[in-house]
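Just below is one structure, and these are the notes that go with it.
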Amino acid sequence: MRSIPLLLSCVAAVSQLCSAELNLSHPLLSKQVLPSTFKPPQVFKNANLVRTTNLDKEYVRETVNVIIENIDSKPQSEYYLPFESEVISRVGGFEVKDKKSPEKGSFKVEVVEFDSRSPTEFYLIHLPTPLAPKSQLTLSISYSILAAATPVPAQIAQTDKQYLQYTFSAFTPSAYLTQKQKTKVKFPSADVPDYTTLPADTNAEGKVDPQKQGSTFTYGPYNDIPAGVTELVSARYEFTKPLTRASLLERDIEVSHWGGNLATEERYWLSNRGASLKNHFSRSEWQRQQYMNPPTSALKALPFPLHAGVLNPYFTDDIGNVSTSRFRSTPREAHLEIKPRYPVFGGWKYSFRVGWDADLKNYLRKLSAGSGDSYVLKVPFLEGPRIPEGIEYERVTVRIVLPEGAVNVKYSTPVPLIGAETGLHKTFMDTLGRTTLTLHALNVVDEWRERELIITYDYPWTAGLRKPVVLTLGLFAVFVTAWVVGSLDTSIKAKKAA
Amino acid sequence: MATTDDGQFLKKVSGRNTRGLLRVIILCLIAGAAVSSRLFSVIRFESIIHEFDPWFNFRATKYLVQNGFYSFWDWFDDRTWHPLGRVTGGTLYPGLMVTSGIIYHLLRFLALPVDIRNICVLLAPGFSGLTALATYLLTSEMVTSPSAGLLAAAFMGITPGYISRSVAGSYDNEAIAIFLLVFTFYLWIKAVKLGSMFWGALTALFYGYMVSAWGGYVFITNLLPLHAFVLICMGRYSPRLYVSYCSWYALGTLASMQIPFVGFLPIRSSEHMSALGVFGLLQLVGFVEWVRTQLPNKQFQTLLRALVLVVFVVALGALVLLTFSGVIAPWTGRFYSLWDTGYAKIHIPIIASVSEHQPTAWPAFFFDLNMMIWLFPAGVYMCFKTLTDEQVFIVIYAVLASYFAGVMVRLMLTLTPIVCVAAAMAFSQILDTYLDTKTPKADAKTNESPADSAKVAAAAVLPDSLRSTRTPYIGIYSYASKITVIGASAIYLLLFVLHCTWVTSNAYSSPSVVLASRLPDGSQHIIDDYREAYYWLRQNTPENAKIMSWWDYGYQIGGMADRPTLVDNNTWNNTHIATVGKAMSSREEVSYPIMRQHEVDYVLVVFGGLLRYSGDDINKFLWMVRIAEGIWPEEVKERDFFTPRGEYRVDDQATPTMRNSLMYKMSYYNYNSLFPAGQAEDRVRGAKLPAEGPQLSTVEEAFTSENWIIRIYKVKDLDNFGRDHQSAVAFDHGHKKKRASKKKGPRVLRVE
């Protein structure tokens, strides 16, 4: 979906030769590649734009509500949204809806690639129906930026408060003229020691910029900001919570028709992006502190809210079981609370795996239509821990292991993917190997928990008999061999006797 | 090996003998019981590798599985003994790892993805089942009664003396070695009985496997020649003995030399000389026997005398000459300590510091063997009575193993099989005599008069007088005596099972990496400090950060934290260990250059003061001092760590040397802050600590585990301003505390 360095270097090489034919040279790609001189056609203007930046979580959530107006003479359907190339690689969960009718679902979006030297790249939003000239449409664009806020100072003492700094443009980056706009920044608390103030004359109302209201700051409103104009501001706010980042999450979901079981295993490579310890870790200070339980930048526990009916959870890491976990299961919910072996402070890492079983009945249905051997499986794309400050996942790989002999695998999910492949996975006395579907996604945040993944596949009943038949034959062969070998007479003595 | 066993059983079953079938079922049940009684730790804790050495074996197995056999053979490990490294492939017994590797690949081939850790954890219980079978076979060779074999198998399956080294997770060489030991002995007995080259070659094959698996193979190397020698001395030389011994020795020696770690030892070291000597002796005896058939008696006598003299002189001279010229290696220290238990304490503290090299305490025999310890002599006595060739073996084995088990705790393991065999023979004799319901009764009623039967009944109470009376028939007639004896035996057996289970569950099933305690509400609480700290190291330190710790933890750091260590449980380089001992027991100014020279990044100490964990470094500290003193007697002195009254103290009475040592400082650094002022207490040594805690200048605390068992310190880099660390720390403190700087400032001025 987004910048693959190899691809970019290819593109750069080709673009030097003939930039005009770039689109043709990669006809199979879903993304467009544009020359560095590209400027989006000025066919829209933003009549009114309100951007809300939410800093509650450790990643930045932005929602842009914008009224766009077609100023061209023809109907237009392609709206560009610019990002800095350094930021766009950390943008995840990009969704666009019609504000007036969100039930229609999200619009098709794609990243348009640039030449790697360009500082700006675009998201291209396809409006489902072209917008007629002079008419308006309200877009609701939401996305999250991962690893956007960095701890300043980068080193703090164990009991200190942690402050994050977030730098952004007070004028919402846009490829079009924006007539009226403002930006609301929601901080987690009112403790914002440093922030940029803009001169009052840029402000349309001539007021102090930004306007403070509790923990919400408002930059703007600003009038008639041309396309591409930015005004960098930054704010430093208190955030004494862990900045949990999973550089990789591998999630395996194994379907067993024979056992009626859905086994899930998740492997995490976590780290805390927060401020590292100025001095080293002091256990005595930590223990004294625990009585008060103050906010801390260390990650102490990860609660996993699981589906009801989950069984046999486990929590291990590279060197064995971690005993500091608790599991509570009621008919209505199941709750797994795990604690890392040590508090994960800023700059520290912790990798582990958790897994559990569940009854397949609750996730799998046999389709009555069709050949009668079709199944549909509905599982969450992401489960994982839920903590108030949020978790970001740099890379997520979901692997669904279907029974041996499953064919005709199809999937659908609202999560933007960068790749999907099917393969075989050989385990537990398989002869062919089980069909697997592997899905890759980048820049996922924990808000996307419970987004569904729906998989349909055909599983003929004869495929289910493969293993018992093979095993029976194998054992039979062993017995026959043993009998034949046992009845051979190799002794020298016996021949003499005979 | 399993297939050959199966072959035996299959033959027996094929006779459609219900007894045979029953025997197979019983043996399978015994094997099942042997396996399951070793699973306490898996059920209570988890599937985890135990203690220290198994962690190295586990790491080596993983290396073997990942890199293949040839790179394992050539493995040079630069992550241990930094900066020396270790030629691991050539300095280990590969049998254990290769066995697990084969099982792993076999299961992979069958598409059964079993984790290598689980294979390693369950290898010892699995092999204990095989050991029970091997014991059955060995015992069955000794006596005609089939019950003796089954009893021996059952004893072997559950006796704590063997369980101590073969619980699940105890992934050590002994895990497979005891099976190989017993099975090799079985094959040897079989070979001697049959005089068969085939069985002799099989003995050699399993002997070779044993050599590849455990250093204790020397026990076989000496026991088999001794058996042969005793048989010759008893005038029981036979072609059977000649064939079996020669085929075993020739093939077995060749097989053992294939192991790089053993190499040419079988022909060069003193421990192996007896086997060579007996081999030569057998040739001579064989030659003499042949000559005897050729020559008249008188000439033969003269020839024999001359021959014996010449051979003795030549052989002894050659041995002495070769030993002095260094071709034959002299006895190793560990070997000397077998003869003189005080030897190690004086000469090699590193051997003495290992608890399993200590002489065995008497209660340990009862603890590990229970009732078998008093059945054992009875069984040996029974062997004396008949004294066939194979029973001579039992007697020799019993005598030798009893001695060794008394010298070293660890060698209890070699005693256990023979105790099981002998005890089972004695016990089955009792059962066979008293459980016989029919025959004596019927005979008594038909043959004997009532007066005679009364006489016999009286004689049963006094068995010694029975032998003197010339009753033609001996037997037990009274039901009462039968029931009494059988009942007592049954109770003994039951108590034995209870004892074994209790010992296994309480003494031998703790992984020692993980500690368990009980919370007030009775639920189990796991104390997992070791893994907490090791995992912290693994995740949050650079890949090549060197960890200095006492050698006990070397293998665990290598296995769990995956970081290079300075010394580990291999203990091949005493000087290197002494260097670490010196660094730990010296003042910081002395230790810091040592640590810099060895590129140490982190120092790890074990401290049990908070949790009453007695196996900590302060309690082991004197060994570090002693070992360091062995190399640097001028710089480290054990005496300085004792108070003038000869006490080893850590409180405010502790000697200055003690309180300034790096180990002491690292153990108690910042420990005061857990307690109200002046109340700090070391719970494991029951000592009240000085009000002022130690100050560190060259290292800084990096991590301390939840219960303070593991403390990790980072060695500071050189000071940026070129100061020594003491003055840098003093400066920092002075900066914070004005009073200190005031005191120091004027004094300097006045001097100038």
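Just so you know, glycine gets a Cβ as well, placed from its N, Cα and C.
Over in TrEMBL, the protein carries these features:
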type	residues	note
COMPBIAS	B:734-752	compositional bias 'Basic residues'
DOMAIN	B:22-422	domain 'Oligosaccharyl transferase STT3 N-terminal'
DOMAIN	B:547-602	domain 'STT3/PglB/AglB core'
REGION	B:729-752	region 'Disordered'
TRANSMEM	B:21-43	transmembrane segment
TRANSMEM	B:91-107	transmembrane segment
TRANSMEM	B:119-138	transmembrane segment
TRANSMEM	B:144-163	transmembrane segment
TRANSMEM	B:175-202	transmembrane segment
TRANSMEM	B:214-234	transmembrane segment
TRANSMEM	B:246-267	transmembrane segment
TRANSMEM	B:273-291	transmembrane segment
TRANSMEM	B:303-329	transmembrane segment
TRANSMEM	B:364-384	transmembrane segment
TRANSMEM	B:391-409	transmembrane segment
TRANSMEM	B:476-498	transmembrane segment
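Break the domain 'STT3/PglB/AglB core' (B:547-602) down by DSSP state and the numbers are 33 helix, 6 strand, 17 coil.
Counted over residue pairs 6 or more apart, the CB atoms of the transmembrane segment (B:144-163) and the transmembrane segment (B:364-384) come under 8 Å in at least three pairs, which marks the two as touching.
Taking the domain 'Oligosaccharyl transferase STT3 N-terminal' (B:22-422) as a whole, pLDDT averages 88 in the prediction. Sequence-distant neighbours of the transmembrane segment (B:175-202) (same chain, 6+ residues past either end, Cβ-Cβ under 8 Å): 1, 95-96, 99, 123-124, 127-128, 130-131, 134-135, 137-138, 141-142, 156, 162, 165-166, 209-210, 213-214, 216-217, 219-220, 223-224, 227, 238-241, 243-248, 251, 389-390, 393, 397, 413-414, 416-417.
Only residues 6 or more beyond the boundaries of the transmembrane segment (B:214-234), in the same chain, are considered here, and those with a CB under 8 A from a CB of the stretch are 93, 95, 173-174, 176-177, 180-181, 184-185, 188, 192, 207, 241, 245, 248, 256, 266, 271-272, 274-275, 277-279, 281-282, 285, 389, 392-393, 396-397, 400, 404, 411, 413-414.
Ranked by the number of CB pairs under 8 Å to the transmembrane segment (B:21-43), the listed stretches B:91-107, B:119-138, B:246-267, B:364-384, B:391-409 are led by B:119-138. Contact between the transmembrane segment (B:246-267) and the transmembrane segment (B:391-409) is not supported, since fewer than 3 Cβ pairs fall under 8 Å when only residues 6 or more apart in sequence are counted.
Packing against the transmembrane segment (B:364-384) from elsewhere in the chain are residues 142, 155, 159-161, 164, 391-392, 394-395, 398, 405, 409, 412, 416, 418-427, 429, 492, 495-496, 499-500, 503, 507: each is 6 or more residues past its ends and has a CB under 8 Å from a CB in it.
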